[in-house]
Amino acid sequence: MVAQAIGPGDPAPAPETARWPAIVSLSLGVFGLVTSEFLPVSLLTPMSEDLGVSTGAAGQAMTVTAVVAGFAGPATVILTRRLDRRGVLLALTALLLLSNLLSALATSYGALMVARAALGVALGGFWAMSAGLAMRLAPPRLVPRALAVVMTGVSLASILAAPFGAWIGDLLSWRHAFGAAALVGLLALVAQALTVPRLAPSGSASLGTLLRVLRRPTIHYGLLAVMLVMTAHFAGFTYIRPYLETVPKLGIGMISAVLSAFGVAGFLGNLAGAALAERGTRRAIGLAAAALTATSAALAFAGWIPLVAVGAILVWGFAFAMVPVSAQTLMTVGAPDEAESAGALNLAAFQVAISSGAVFGGLIVDSLGPAGIFMLSGLAAFLGLFAVNAIGGPAADGPCPQGAR
């Protein structure tokens with residue numbers, strides 16, 4: 001599992017056929033990471049009670065992961081630029097497994113934060129590398145399909161993570177939920193060890209490279225739009241369980257059902273986002289921003305009506321799920337020659353948005369209550385509409401180039 005330094009001439013050339021088992025193993029790793037990152041969403045109430053902290057403080061289990069991941073993504077790409085990508089990948093997946101075990105065994109708030117920080121390192125490094133690796137495990141004509149398979153891990157995690165966490169937390173305990181997430185990490189580690197070949201680093205990752213990629217208009221305007229829309233989502237989604245408990249006053253069984261339906265809507269939204277992104281990423285991200293603006297208003301001002309709350313949350317799940325695949329497509333279009341660097345910047349933008357949403361959402365939920373969160377969400381999504389309009393250019397309106405590597 002040790003990452004070795006290898007030269008550009010060491011690895012095998014691009015495969016003539018896709019290495020689907022290896023690509024699926026990447027998707028399994030993404031599933032484990034996304035599940036682990038968002039597991040606290042459905043466990044905030046029992047976690048806060050067990051650890052003796054407020055709901056807002058417990059929500060920072062999301063924040064610390066996001067903050068660390070935002071730095072870890074670019075740092076991993078730069079610091080491991082001379083190492084075999086397979087070894088780096090396995091080390092990061094092993095850290096995913098370890099972080100969940102530490103979370104399950106945490107006896108204090110501080111210990112939980114350390115475990116979640118370790119998850120941030122795994123998340124940042126893995127996510128920054130995943131798109132670039134998928135692009136090297138398939139021939140050019142199958143790259144879009146390979147990326148879609150990897151992103152399926154996000155969709156499945158969106159469907160299963162929150163309701164699974166709520167169910168296990170209610171049936172056993174929140175600690176058992178993290179233990180189950182550790183098992184997913186173990187399965188991903190074994191699958192990757194068996195299927196992923198040695199891969200030399202590609203591109204010329206460095207701080208200078210990241211800055212040059214960031215200066216490309218498609219990249220920096222796209223990242224701004226994504227950050228605003230993602231902030232809108234996570235300001236509300238992080239605290240969705242307390243909201244459903246206190247505003248429409250739903251029971252745990254109904255909350256689990258709503259979260260399951262949210263995940264299904266997200267799966268459908270991911271498919272819709274992929275289809276829209278083939279025609280233009282700006283359209284997909286813009287529709288998501290508009291939908292989040294409208295649903296935030298509904299949840300803030302009429303969420304006490306159960307039917308309104310549930311309907312708005314389902315639309316929310318569908319709309320938000322269009323963003324990750326659209327953002328990933330936008331990055332590969334904007335920087336096909338530096339896929340890992342663009343992936344690191346995209347990861348950093350995602351994590352800044354997640355941490356910002358969780359931090360400000362935590363402040364609002366502790367002062368104004370859960371309903372006030374969606375005012376912040378609506379404002380961020382509305383501002384995102386303006387950023388979407390600034391993306392412009394053919395990259396914003398065209399599909400991912402199949403030969404991008």
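Every residue gets a Cβ built from N, Cα and C, even glycine.
Per TrEMBL, the features are as follows:
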- 20-41: transmembrane segment (TRANSMEM)
- 22-396: domain 'Major facilitator superfamily (MFS) profile' (DOMAIN)
- 61-80: transmembrane segment (TRANSMEM)
- 87-107: transmembrane segment (TRANSMEM)
- 113-134: transmembrane segment (TRANSMEM)
- 146-168: transmembrane segment (TRANSMEM)
- 180-200: transmembrane segment (TRANSMEM)
- 221-240: transmembrane segment (TRANSMEM)
- 252-277: transmembrane segment (TRANSMEM)
- 284-307: transmembrane segment (TRANSMEM)
- 313-333: transmembrane segment (TRANSMEM)
- 345-365: transmembrane segment (TRANSMEM)
- 371-392: transmembrane segment (TRANSMEM)
Seg_contact(the transmembrane segment (180-200), the transmembrane segment (284-307)) with at least 3 CB pairs under 8 angstroms, min sep 6: no
Other parts of the chain folded back onto the transmembrane segment (221-240), taken as Cβ under 8 Å at six or more residues beyond its ends: 38, 40-41, 44, 55, 59, 62, 162, 214, 259, 281, 285, 288-289, 292-293, 296, 299, 313, 316, 320, 323, 327, 330-331, 334, 345-346, 349-350, 352-354, 356-358, 360-362, 364-365, 370, 373-374, 376-381, 383-384, 387-388, 390-392, 396
Ranked first among 20-41, 146-168, 284-307, 313-333, 371-392 for CB pairs under 8 angstroms with the transmembrane segment (87-107): 20-41
Distant-in-sequence neighbours of the transmembrane segment (146-168), which means Cβ under 8 A and at least six residues beyond its ends: 18, 20, 23-24, 26-32, 34-35, 38-43, 130-131, 134-135, 137-138, 174, 176-177, 180, 240-241, 252, 255-257, 259-260, 262-264, 266-267, 270-271, 274, 317, 321, 324-325, 328-329, 332, 400
PLDDT averaged over the residues of the domain 'Major facilitator superfamily (MFS) profile' (22-396): 82
